[in-house]
Amino acid sequence: MKRFFLALGFLLYSIIVLSAAPVTQSQAERTAQNFFAKRQPHSFLSASTCRMDFVYRTADNGQALFYVFNRGANEGFVLVSADDRFPAVIGYAFEGRFDATRMPDNLKGWLRGYEREMTAVMEGRATAINATEEAVPSRDLPTSVAPILETGINAADPIIWDQGYPFNTLHPILESGQQAYTGCVATAMAQIMRHYKWPASATGGYDYYDNLLGGPNTHYSGTFGTTYDWTNMPGTVSSDVTNAQVTALSTFMRDVTFSVNMQFADFGSGTFSIYVGRALRDNFHYKHSLRYLDRALVPTPEWKALIRQELAAQRPVYYSGSDGEMGHAFVCDGYEADGTFHFNWGWGGLSNGNFYLNLLNPGSLGTGAGNGGYSTNQEIVVGIEPAYNGETGTMPDPTIALLNLHHTTTDEAFDFEVMIRNFSNYAGDVHLAYQLTKPDGSQAIVPATSVPIVWEDIVGESTATVSIPRTQLAEGKNTISILYRTEGMAEWQELHHLMMWWVNHIEISMPNGEVTYTKADAHIALKEGSLSYNLKAFSDGTLKATLYNPGTEEYRSRVTYALRNAEGRLYLLGRRLMELAPGDPVGENIVLKVEKLKARAGQYTLVCTGDMNTMLEDASWVELATVEVQPHSSSYSPILVAANEQLSLLTVHRTAPEALPAFSVTNEGNGFNGSLAIFITSASTGKSFIAKELSISISKGETRTIAPDLTASAALYTDTNLYPDGVYYVHIAEKEPWEVTDLFGDYYYRMRLVTDMSDHTVDGAGSTTLKLFPNPADTFVQVSIPSLYVGETLRIFDIQGRMHLHTIVSNETLRLDLTQFAKGSYLITVGDLTGKLYIR
């Protein structure tokens, strides 16, 4: 008897909006019986052996989504929809069973996505997956590829490995006494290697520290070299596994696990997918031509086409994704003509089956921030094949992406600050250059600078300055492309932006020196007539709209929606992951369910932003529509509405702190008797302290004033590690024993904590300060600098401490172009001088 479940031939269909009526359990049972009777009419099992074992319900309100009927002991199952707006059968298997108590986390993540999709359709806010669009035909590829790990050369012994016994008997024993799991990353790699039964042995070794839980580091080191006993590594492990098989499987899995710097804990073992390629190449003798790719860097059609090409060549694909909480790795090893792809989850065959790569259509599903099934944070490793006879193949060029790009101008040059991120195993110098295309069409590539970059920290980033002399530019429009090349690369490659190639080129018009950035033609627009909402001050509400991308390139980002008042204050509505096809007039529906809207009654602008690398207050917002928030209608409980006059970022000197602005609190509901507190919370670390706490009574209609006190935390003045320089939120909240709830209205403002600046005023008129005009600024700012500081470096930092510009002060007056700066607050420094700049 098989110890683990067999592969499940599992198929989940696309969601199609039909009529609207619940399906009873008896109706579902007849559907299940009819399904098996029609699909397997010659089965020796009677369809009547189906029994309902599980009802999948929504987490929010317990509404039934589908019924699970298992047939016999282990002879298949069928998932029947509990609502007739969906296909009657949304999943099935002719072997195995659906065990709700043993669902792997991988499958749970996918089913959570289906829950969100089905719920969204029920609420009228989802757009169905279009199976026709998902299954893009190709003349060069077969219409389908059977699961590679379970068919063909593996048909007699399907590869369905797990993470526990007998694969982990040589893994570390944890403090709890539990044997560590192999980890999903290692299991996915190992199943692919089992398909090839390669290598004979690994070379090299490992040396790293495990600090997954933040406690004392555990040091693991060792060398590889044991000969692998492939004949004793069955694809499907039976209940009577032999000692030789246990030894062979555990020896191999031990090496695979340690090769990727695995981190161990009782709840599971984890690591990063970026380690996979290195281990396969350097330790297990797979071709150097394999590639690690991040979903954010590849447009959707190319992503799917690439995976199909790999599978058509009989190369399983290492795949990972995130459900917004935890990441998981598995194997993609087949695809069907309906647009689905087959996944092996690495749980002994449990729930292996066909799924859409974009399980849910994020823009239409109303998924919460960070929750999007596995359609976010996807990564793959392709080109995995053994380097037989030392045929290593050609190492792919490292993937380097652009994170940020800013510039400043001087009389001599245009200086571009380029921030890059490494998406490969490369560590070394990145050479930067620029390609200059003059108005007459002539082109030249000019090497500019080099900057080192790493990858071991997973998010290797570096910043360099590319300087373009004015003398190289011709009159008219000059087009600049930033290029990169690493050691071993034969050709320069264009540096594209991490998110959808946002920055494509730079244009410099001479002789006026105007600089503009051309971006990918991808953006969000509101479909006319689609906006509807029910928003009341301090109350729950909803907002529905249809958004589309009128551009020519794909839009993909996590989008934040907010209301903005005339002062520029923001009141968040929600976040949604959006994937908008270019030029699609249908667009995607969103439904924002707002809990306890902070905004007062009045007129606001509905805005959204896809910026993910900056604070929301400083993001670039797109205006969508004007909305009206109605007055609240409840007065049965206290409604505490805060107000403050601090609109801009406030600079606070650590060594000589000043009094912070106070909050006024007005009660627009019934009388309040409780505790209020003002918190000061670091925007970068989340560490906070209470700057004021008091028990207070506020009658209906009464207004009280409460001011924070920075002296409430002595560590603020002495411990720069606990409270580092940077931006802090000052916010007022109701403080209950087990819960803290921010007040309504304008319940926060921001301050920037700065060390060793007490001897200088900011934006003053003295000769030792920076004078900025205009301030607030729009497209430019003129900086007046004392002559003593000519020759020093001017720098501009955002409120997170990131430098966006630096240039040499050539004279006492410097004009800075601000067209590529986001709205918000910035700090300008020259030597020991500072100035606060506001860009509106």
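A Cβ is built for glycine as well, from the same backbone N, Cα and C atoms used for every other residue.
As annotated by TrEMBL, signal peptide applies to 1-20.
What TrEMBL records for 20-118 is domain 'Spi protease inhibitor'.
What TrEMBL records for Cys184 is active site, nucleophile. Take the CB of Cys184 (active site, nucleophile) and look out to 10 A: across all protein chains shown you find 25 other CB atoms.
Under the three-state DSSP scheme, His328 (active site, proton acceptor) falls in the strand class. Under the heading active site, proton acceptor, TrEMBL lists His328.
TrEMBL lists 772-833 with the feature domain 'Secretion system C-terminal sorting'.
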For Cys184 (active site, nucleophile) and His328 (active site, proton acceptor), determine the Cα separation and express it in whole Å.
6
For the domain 'Secretion system C-terminal sorting' (772-833), what does DSSP give as the number of helix, strand and coil residues?
3 helix, 33 strand, 26 coil
